[in-house]
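Features as listed in TrEMBL:
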COMPBIAS  1-12  compositional bias 'Basic and acidic residues'
COMPBIAS  304-320  compositional bias 'Polar residues'
DOMAIN    47-637  domain 'Major facilitator superfamily (MFS) profile'
REGION    1-35  region 'Disordered'
REGION    304-324  region 'Disordered'
TRANSMEM  46-66  transmembrane segment
TRANSMEM  86-108  transmembrane segment
TRANSMEM  115-135  transmembrane segment
TRANSMEM  141-166  transmembrane segment
TRANSMEM  173-193  transmembrane segment
TRANSMEM  205-224  transmembrane segment
TRANSMEM  456-478  transmembrane segment
TRANSMEM  490-510  transmembrane segment
TRANSMEM  522-542  transmembrane segment
TRANSMEM  548-571  transmembrane segment
TRANSMEM  583-602  transmembrane segment
TRANSMEM  614-632  transmembrane segment
Amino acid sequence: MVVRVATDERPFESPSSDESGLGRSDSPSENTEPEAALVVPPDGGWGWVVVGASFMCNVLVDGIIFSGGLLSSAIKDDFKISEGKVATVNSLLAGFYLLAGPFVSALANKYGFRVVTIIGSLISSFAFAVSYYATSVEYLYIIYGIMGGIGLCMIYMPAVLTVGFYFEKWRGLATGLALCGSGVGTFVIAILTNKLNESLQNWRLIVLIHAAMLLLCILFGSLFRPIKPVRVTLADEQDEEDTARRHEEAVEKLNSMIKLHSKLDSGICMPPEMKFTNKVSPHTWMGVPNNTRYPTAEEVFRGSNSHLSNSHAGRRSSANAGAIKNTLGNKPMFIEMPVAEKDEQEDSNGNIDNTEPLIGAAVKVVPTQNRFHQRRSHADLVARPLYRDDIFFGASLTRLPQYTSRTSLGYHLAVTHVPTKEDAQEESSGKCRFCPEAVKRTLATMLDVSLFRSPTFVILALSGFFTMLGFFVPYMYIQRRGESNGMNKAIAGWLISAIGISNIVGRVMCGFLSSMPKISPLWLNNIAISAGGIATMMSGLYYDSVFQFAYCAIFGLAAACFASLRSILVVEYIGLEQLTNCFGLFLLFQGFGAVLGVPIAGMLYDLTLSYDKSFYVSGAFLLLSAVMCYPVDAISKWEKSRKVHNSSPTA
């Protein structure tokens, strides 16, 4: 069987066609064959502009959040309230910046990254601007904290996720560069906020300036230009013969027409451990068992392979067919990638195993068949970013066995799930619904509670909750604690910025170390967070500037490791197919931790009139979150062995 891929040259009239996705025609009046719309990352070009725009979004969003504590003293004095009450303002901002993640992701899945980012910029800027007129701290809770946090999340989530669509080979580097904006923003905006505090001495004007800065995200969000997808379908036997005859010519033309990942023609076969099963997809409604499955594109094409010859020679020859669509004058060309439902694999004894699916890799350029071109017009293919299993994976794809064991196109087919018929009908009709299928399905995936049956997931989720309980306390109080204990005010004003610099260095180091096969991401995570927790508890021993800056360096490194390694840990111990589900629930756990952490520290200050206890408790939360993860490796192995035992016929 041959899979035909065609670049879709249609204009992008709907925002939902901005991202990667897949669909097929359901018209009963034609001889339908599976069709898919996939995004092949260009690994450069406009992608670097997207990285720059994402970087700037992170500079503004994380910079404002992490420097928000610098305004709390002025707000506290203005409303004559306790430390615990004023701390809730910034904790709500940080908390809803995380809690809204699954819902913002669902909106981005339907309406596109560009639209959601622009709307988020308008919402957050409006919330910050009208906070100028706050008459009570409760007003700030609702407008600045909740509304502003949701708006910032609508900027942050698309900015992070869109980078992955532009990069395949360089995804880890591109995502790392974009996320370094968090450290740069912490460094720059903390300094700016301190300067504004000194010159204006009015927190309301400073918030108004922050609102104006957030309007810049409209410009940056508009740069999240969509990638034109390629369209995939099956070729008939005549196409296969034509493709085989033109094979040599195709390879030569391919090199001059389009640059694809080197794995596209590598001919890598799937190893035995990559067998497909008929287990229920993780894309189910809120964990409630049902018969609905959302198969991948690869499964769809395998299921349409019954018409092929079962001869050994036939399958071998068709595995070398393919073609890539380009435009040559007015004659469109197609990429055809071979797919075999049952391709022979020889075991160590020389026996043939006909159970492994294969995405072949040879490439062939052939003219478009008119009947196929007509059939394309009937299929309104839907493009959805959250239908990809790897949407939340920001590290190098070479860490994924699903990527290294397949061709480039084969990987994209394997991780992309098809849209439902209802989804495609909604897209073609253009009707507006209160809860569209694309939104409902994304929420069902990200908030599927069936994962709570996994001990490994529960440990990682609780660890993230405790990490967030202590994570924002140093950002909130380290400068004020230093000033209250005799540090020079000018020097203390650089402490938060020092955390930002360390965060940048930590992300680079963490990315380098995590790419080394002999270094365990779990132990790197555990050591970093343990060090950050212990350092936080000991940070009040001396208020010498060298000691305090050393603490900031350690804490910044720990924060960078936590942020960089979460997706790697999920893939390694839970699986790529569960990554979207895990991150949806992780965002909720971490959001609740962020909402509660700083107010707890503030109430401790009210009780003791000292920041030391707040830092003790914050460090203890961080250390506890690391200690919880120490047995994850052993628990994961036990969990996997139990599943194997329960699924064996003799069990």
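For all residues, glycine too, the Cβ spot is worked out from N, Cα and C.
Those TrEMBL annotations? Automatic predictions, nothing curated.
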Look over the recorded stretches 46-66, 141-166, 490-510, 522-542, 548-571 and say which has the most C-beta pairs under 8 A to the transmembrane segment (614-632). 522-542
Counting CB pairs under 8 Å, which listed stretch among 46-66, 115-135, 456-478, 522-542 touches the transmembrane segment (548-571) the most? 522-542
Any contact between the transmembrane segment (173-193) and the transmembrane segment (522-542)? By contact I mean 3+ C-beta pairs closer than 8 Å, pairs at least 6 apart along the chain. no
Closest-packing stretch to the transmembrane segment (141-166), where packing means Cβ pairs under 8 Å, from 115-135, 456-478, 583-602: 115-135
Criterion met for the transmembrane segment (583-602) and the transmembrane segment (490-510) (at least three Cβ pairs under 8 Å): no
Within the same chain, the residues 6 or more beyond the ends of the transmembrane segment (490-510) and with Cβ under 8 Å of it are 63, 66-67, 70, 176, 179-180, 182-188, 190-191, 194, 474-475, 478-479, 482-483, 524, 528, 545, 548-549, 552-561, 563-565
In the same chain, who gets a Cβ under 8 Å from the transmembrane segment (456-478) while lying at least 6 residues past its ends? 66-69, 72, 87, 90-91, 94, 98, 186, 495-496, 499, 529, 533, 536, 539, 548, 552, 555, 559, 562, 566, 569-570, 573-574, 578, 582, 585-586, 589-594, 596-598, 600-601, 605, 611, 614-615, 617-622, 624-626, 628-629, 631-632, 635-636, 639
Long-range environment of the transmembrane segment (522-542) - Cβ separation under 8 angstroms, sequence gap at least 6: 467, 470, 473-474, 478, 481, 506, 510, 513-514, 548, 551, 554-555, 557-562, 565, 569, 572-573, 611-612, 615-616, 618-627, 629-630, 632-633
